[in-house]
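Q: Got a structure for you, questions after.
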């Protein structure tokens, strides 16, 4: 739950009213200070530095180090991986909050560079899909062994890179290499286990994007409407689970609100694909226009319904719903009103609609803010 005023001010008011003594107030403030997540510029810069160093290592591997002996190249990569992982574990054991993530990221990037280097030097048969898969599994295994949130997030990011190798591949998605269809769920299970074990929310966000990407890739390879139907069912299920069983879902995943937001995004993407397919298939035919308007109405209804069911405390879901609602209203205005009036009249209508949408969003946010005024966040 949340408060419209700070918890510190409440503690001060309770103390002034005699509800709690000074010692209790001090202990409550101390506990709040421990739980508060503080933005650390040093941690961010250190992690970015680790990413840059990792990119430098990968670039050196791409250059193939022709002037160095093979054993020396392997030795340098091997030492860099172990030094980074052990250094990160040492700093983590000492309670350091800045450098462990940077060292872990450097080690994980060096591991990927090592895979590329060995395959490059010894002409090991394989492809970029397999290399990305081994890289993902290796980093996730390291996340388990070191219980490092940074490694879990990095591994989930590499899993997304694994999917992208199929998107940008020369071969057709429905061709010979369809390993992503069964590897994707296995990687997702491993990533979810790593995210739960390390309690990494960044990894959870990457994995949610990975799941959506895998579903879209599956549909692109098969173009089967059943895939879209399953996406809609799963997305609506996540929204309903957060709205009706939030406490249970939060206890199970510690990621209830983002799951509902990503579920809404999954459903909206499914309807958008159906709408686009209808426009391409039927063109200006009356049946196509009717389908187009139907999908638009479904998207509008879904956006409003999602906000009503679980949007009160879910800012991410509300943002997605507002964006989808606004885009569809403008699209409907363009498809209907835009064909009946001139260009200037259309822009006038669009401007009025945008202002009305802005007023609607502001009114909804104010309403949710008032509702949250009597609730407390732990």
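A Cβ is built for glycine as well, from the same backbone N, Cα and C atoms used for every other residue.
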Q: Scan 7-24, 151-168 against TrEMBL and say which stretch is down as transmembrane segment.
A: 151-168
Q: Counting CB pairs under 8 Å, which listed stretch among 71-90, 204-221, 317-334 touches the transmembrane segment (180-197) the most?
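A: By Cβ pairs under 8 Å, 204-221 leads among 71-90, 204-221, 317-334.
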Q: Averaging the per-residue pLDDT over the domain 'DUF2157' (12-151), what integer do you get?
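A: For the domain 'DUF2157' (12-151), the model's average pLDDT rounds to 82.
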Q: Kindly report the helix/strand/coil residue split of the domain 'DUF2157' (12-151) according to DSSP, in that order.
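A: Tallied per class, the domain 'DUF2157' (12-151) gives 112 helix, 0 strand, 28 coil.
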Q: Residue list, the transmembrane segment (151-168) vs rest of chain: Cβ under 8 Å, 6 or more residues beyond ends.
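A: Distant contacts of the transmembrane segment (151-168): 104-105, 108, 112, 128-129, 132-133, 135-136, 139-140, 142-143, 177, 180, 183-184, 187-188, 191, 194-195, 197-198, 200, 202-204, 206-207, 209-210, 213-214, 217.
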